[in-house]
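Record features, source TrEMBL:
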type     : residues : note
DOMAIN   : 17-341   : domain 'Acyltransferase 3'
TRANSMEM : 21-43    : transmembrane segment
TRANSMEM : 63-79    : transmembrane segment
TRANSMEM : 91-111   : transmembrane segment
TRANSMEM : 137-156  : transmembrane segment
TRANSMEM : 168-186  : transmembrane segment
TRANSMEM : 192-211  : transmembrane segment
TRANSMEM : 223-242  : transmembrane segment
TRANSMEM : 254-271  : transmembrane segment
TRANSMEM : 321-342  : transmembrane segment
Amino acid sequence: MFMKFSETVEANRGNISWMNNLRLIAILAVVALHTASPLLFAYNSVSVSDWIAGDLYNALTRFAVPVFVMITGALLLGREYDLFVFLRKRLGRLILPFLFWSLVYITYRYYNEEFVFTGKIWTDVRFVLHQLKTGSYYHMWYIYQLIGLYLFIPVLSKFVRNATEKELLYFLAVWFFAMLFSRPYLSSLETAVDLHNFSGYIGYMVLGYYVSNKKVRLYGIELIAALLFICLATIIAAGTYYRQVKFHELSTYFYEPLGPFVILLSASALIKAKNTVVKIAQPIQVFLDNASKSTLGIYFCHPLVLNFFELNRITYAAFNSIVSIPTIALACFLISWLLIWVMRKIPLLKYLVE
């Protein structure tokens with residue numbers, strides 16, 4: 001009888017501080033990504049050096065959302081759940097913040113005159129409901145993705161809990177090739193075989209569970225993962241610049257979150273974080289563990305802070321873009337963190353940010 005992979009990993013579930021630290025790095029990367037992204041759409045109006053800076057920071061931070069999903073898989077898969085208890089707990093904690101921040105962004109866009117209300121109650125209600133259905137702001141797509149993943153976790157967890165290591169690797173291999181043979185990559189080799197059951201972000205969850213629990217005794221694995229990350233980020237940045245020059249439009253060929261380049265980039269980031277041993281004083285680690293609980297709130301609110309910066313002309317153009325992008329991103333991260341910290345201290349508001 002083959003041993004289940006889950007039977008070999010129970011002892012590894014103790015220390016999750018490295019995941020909390022990685023979660024903080026990932027949310028900072030999200031903020032940096034959204035700070036740099038406007039440059040990519042302004043190819044004809046910014047200097048080449050500024051555009052390349054935006055491209056570089058985009059490449060370096062593309063791991064962010066996939067890492068969030070992998071951490072979710074690492075923490076939640078492989079456990080036994082009561083279906084309705086799990087859904088009530090996870091979705092219950094997510095729906096209220098989702099509704100609150102969706103309404104905040106609808107109000108913000110109305111204030112900015114991006115749309116107007118007609119004054120007809122039913123028409124305006126339908127418009128708001130449509131915004132809730134499709135997403136009220138550009139970053140909210142991840143919340144819809146997360147809701148879908150939560151719905152699938154009780155089923156996927158049962159598979160993961162009973163799968164052998166070979167079966168997990170089989171799933172990940174088919175998932176990777178399903179992504180590789182989809183648009184815009186090797187779609188010319190696509191056949192009538194339907195591999196959609198292996199597609200999407202569920203692969204990241206299984207990958208996160210496997211990588212976080214797999215014991216690998218390989219000398220220098222931390223360095224190998226770091227070099228792989230740097231090489232992939234370079235390929236993503238250089239490839240995007242090449243296609244921009246060739247086609248005179250922004251190409252997401254190398255940026256696709258479910259493409260092979262970002263999958264490998266994200267996996268290398270997780271492997272690097274898992275195998276990096278950093279001695280952090282206990283009080284500081286407790287602080288970081290607590291701060292990681294604010295990442296969802298920071299994700300919700302950071303576009304408002306970035307927009308405030310832009311209104312006050314605090315943008316990449318303030319000084320050299322290589323320096324200004326990470327500086328603005330860090331400032332946005334800290335202000336967002338402070339806002340969420342304050343909200344978490346207020347009894348009624350804390351349920352809107354965590």
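Each Cβ is built from the backbone N, Cα and C atoms, and glycine gets one as well.
Here the transmembrane segment (63-79) has Cβ contacts under 8 Å with residues 6, 9, 16, 19, 22-23, 26-27, 29-30, 33, 142, 145-146, 149, 153, 156-157, 160-161, 201, 204-209, 211-213, 229, 257, 262-263, 265-267, 269-270, 295 of the same chain, all six or more residues outside its ends. Counting C-beta pairs under 8 angstroms (sequence separation of 6 or more), the transmembrane segment (168-186) fails to reach the transmembrane segment (91-111), with fewer than 3 such pairs. Away from its own ends, the transmembrane segment (137-156) comes close to residues 30, 34, 65, 68-69, 72, 76-77, 81, 83, 86-87, 90-91, 94, 98, 101-102, 105, 108-109, 201-202, 205-206, 299, 302-303 of its chain (Cβ-Cβ under 8 Å, at least six residues beyond either end). For the transmembrane segment (91-111), the list of distant contacts is 117, 128, 131-132, 136-137, 140, 143, 146-147, 150-151, 296-297, 300-301, 303-304, 307, 351-354: same-chain residues at least six beyond its ends, Cβ to Cβ under 8 Å.
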